[in-house]
Amino acid sequence: MKVTLSALNTHESSFTPLVVIELAQDVKEETKEWLKNRIISRKKDGGAQLLFRPLLNKYEKETLENQNLYLVGASRIRLLLGAEAVGLVKECSDNTMRAFMYGTRHNFKGFDDDNDDFLTMAERQFIIKHELESLRARDEKMIPGYPQAKLYPGKSLLRRLLTSGIVIQVFPLHDNEALKKLEDTWYTRFTLKYQPIDSIRGYFGETIALYFGFLEYFTFALVPVAVLGLPYYLFVWENYDKYVVFASFNLIWSTVILEVWKRGCASMTYRWGTLVMKRQFEEPRPGYHGVLGINAVTGREEPLYPSYKRQLRIYLVSLPFVCLCLYFSLFVMMIYFDMEAWALDLHENSRSEWTSILLYVPSIIYAIVIEIMNRLYRYAAEFLTSWENHRLESAYQNHLILKVLVFNFLNCFASLFYIAFVLRDMKLLRQSLATLLITSQIFNQIVESLLPYWLQKKQHVKVKKKVQALKADIDATLYEQVVLEKEMGTYLGTFDDYLELFLQFGYVSLFSCVYPLAAAFAVLNNLTEVNSDALKMCRVFKRPFSEPSASIGVWQLAFETMSVISVVTNCALIGMSPQVNALFPESKADLILIVVAVEHALLALKFILAFAIPDKPRHIQMKLARLEFESLEALKQQMKHVAENLKEDWREGGKEEAP
């Protein structure tokens with residue numbers, strides 16, 4: 001028997017706040033009352049059936065600064081029914097992973113009527129977010145009190161409130177006790193240990209847990225390359241022919257680690273339930289706009305925008321702009337080479353100690369300029385991709401990632417390719433690669449973690465003094481926490497974190513035969529990156545809503561593409577080395593043919609390895625196949641039951657018609 005919300009009492013007089021809604025200061029009372037009613041009303045009446053209250057009561061509003069902050073929570077039963085609605089997958093008592101059903105809740109491992117830990121904090125907040133986003137306009141033509149904020153049947157209320165500026169932000173609250181436990185096992189003690197990935201997943205969700213899992217895996221995978229590269233750096237620095245073994249190892253290594261990661265990722269996400277979680281139909285993204293019409297697939301009323309207009313915007317505006325930015329990046333690169341030539345001339349003329357240090361200054365300046373340009377371009381790419389008006393969030397993300405990856409790849413690596421294949425100056429290539437890698441790592445650590453943490457500490461002190469100065473006979477702990485967290489920066493997702501690892505992977509793999517120490521510097525950086533990123537998540541940014549993920553998505557393809565490009569660059573560099581050229585003094589055509597043949601052989605080996613290593617372990621494949629078989633059998637039984645009922649109805653109808 002299916003249990004419905006209408007049949008259950010999901011009201012609680014007091015509740016644990018999970019999510020905060022901040023309204024604009026001048027929001028009208030009728031709008032607040034309407035929003036409250038929609039949130040607390042029953043599902044059958046078009047509400048979310050959640051729990052809702054202001055942060056401050058009437059007396060406290062007079063005493064403290066009224067921030068227009070509201071707390072949202074849900075009863076235990078409501079959360080369990082919400083878990084069924086969003087399709088959360090949990091482990092059953094027979095060790096299989098199945099979609100949670102409230103009616104069969106006692107069949108799931110760890111479930112107890114008195115146990116509140118069955119759903120993780122991240123899952124509870126994800127359910128609240130889903131229910132708030134599921135609030136749809138019914139008969140309303142506008143938001144009460146705001147005639148300019150038009151509504152139509154099926155329109156997401158939360159998205160309309162956000163785009164109208166009525167709702168400032170919606171964010172999940174930190175659980176200070178759980179956060180302290182997580183910090184103690186994660187980053188407060190700087191020791192070499194595995195991260196508590198399952199605990200990170202329980203607190204922040206699968207998407208962030210997968211990033212930290214990949215960061216940890218990638219760091220450990222770099223260790224063999226770093227260990228092998230050290231003797232090459234110390235003993236065979238100029239003998240490029242001896243780098244053939246090292247470069248070949250790197251190329252095989254880059255393939256194997258990516259394939260092994262896919263297997264480990266599948267095991268993790270199966271254990272978490274997201275590997276078998278059914279993908280839901282994507283709703284239009286918040287910024288999508290167009291003429292109101294009927295969606296031919298869903299039959300719902302929503303904005304419609306012609307695809308040809310979007311294509312015109314992409315090819316006539318976005319593409320030329322990206323090309324212009326790429327040209328500007330190359331222009332800045334040529335300025336860098338002019339600075340390098342100036343520094344080299346100055347050093348050759350004076351041969352002093354400070355001019356030898358000055359040789360590194362152009363590379364350091366260029367590395368900082370690259371990082372600044374990457375960030376400025378990111379804002380432009382976000383604006384352009386939003387202006388293109390993509391209907392789905394996935395399409396928006398794919399176009400944004402493509403724009404950013406193309407520019408970042410050229411901006412970061414164009415100078416290295418120019419030095420390697422045009423100037424053919426291996427000494428300058430080594431120096432530039434080392435400077436770019438180390439400078440970018442230090443710059444990112446400062447900008448992404450240390451500076452925001454320092455600013456957040458200052459804000460924390462200011463809020464604490466303000467609360468302590470209040471002469472109010474109330475418990476201001478929750479008030480202080482909410483006010484502090486609402487002022488924190490918003491974590492914009494794992495995009496920048498993966499991008500940083502992607503560029504690092506490029507520095508390590510593209511020119512491994514020229515600078516074997518790159519992997520060692522990457523390992524050292526990542527050991528501190530784990531802790532700085534953990535600090536950033538726990539203390540610098542607001543807690544993000546969890547997002548179920550089954551893999552690292554398009555970044556897997558990006559890393560695999562980089563590993564293919566690295567085969568070509570390393571083979572070309574080895575073929576250009578004086579030692580290898582000396583083996584073919586008369587016929588350069590033979591050298592080119594051999595280099596191309598070796599490059600094709602290594603690419604073939606990469607693809608054979610990728611094919612030979614299954615993406616999922618055997619036991620995971622068997623479990624997924626069994627789940628698919630059981631789903632088909634259940635569907636057959638359901639169809640059989642429907643057919644029998646129809647046959648019975650037909651017989652009953654025939655008897656009534658008989659004379």
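Every residue gets a Cβ built from N, Cα and C, even glycine.
What TrEMBL lists as domain 'Anoctamin transmembrane' is 200-626.
If you look up TrEMBL, you'll see 208-237 (among others) marked as transmembrane segment.
The transmembrane segment annotation in TrEMBL covers 243-261 (among others). Non-local neighbours of the transmembrane segment (243-261) in the same chain are 214, 217-218, 221, 224-225, 228-229, 232, 236, 505, 508-509, 512-513, 516, 556, 559-560, 563, 566-567, 570-571, 573-574, 577, 602, 605-606, 609-610, 613, 615; each lies 6+ residues outside the stretch with a CB under 8 Å from one of its CB atoms.
Under the heading transmembrane segment, TrEMBL lists 314-337 (among others). Within the chain carrying the transmembrane segment (314-337), a Cβ under 8 angstroms from the stretch's Cβ atoms is held by residues 362-363, 365-366, 369, 373, 377, 380-381, 384-385, 387-388, 399, 403, 406-407, 410-411, 414-415, 418, all 6 or more beyond its ends.
For 357-377 (among others), the entry in TrEMBL reads transmembrane segment.
The transmembrane segment annotation in TrEMBL covers 400-421 (among others).
Residues or ranges marked as transmembrane segment in TrEMBL: 501-524 (among others). Among residues of the same chain six or more beyond the transmembrane segment (501-524), those with a C-beta under 8 A of the stretch's C-beta atoms are 214-215, 218-219, 222-223, 225-226, 228-230, 232-233, 240, 243-244, 246-247, 250-251, 254, 405, 408-409, 412-413, 416, 420, 426, 429-430, 433-434, 436-438, 440-441, 555, 558-559, 562-563, 565-566, 569-570, 573-574.
The transmembrane segment feature in TrEMBL is assigned to 591-613 (among others).
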Outside the transmembrane segment (400-421), six or more residues from its ends: residues with CB under 8 Å to it: 318, 322, 325-326, 329-330, 333, 336-337, 366, 370, 373-374, 377-378, 381-382, 384-385, 428-429, 432-433, 436, 440, 495, 499, 502-503, 506-507, 510-511, 514, 554, 558, 569, 572-573, 576
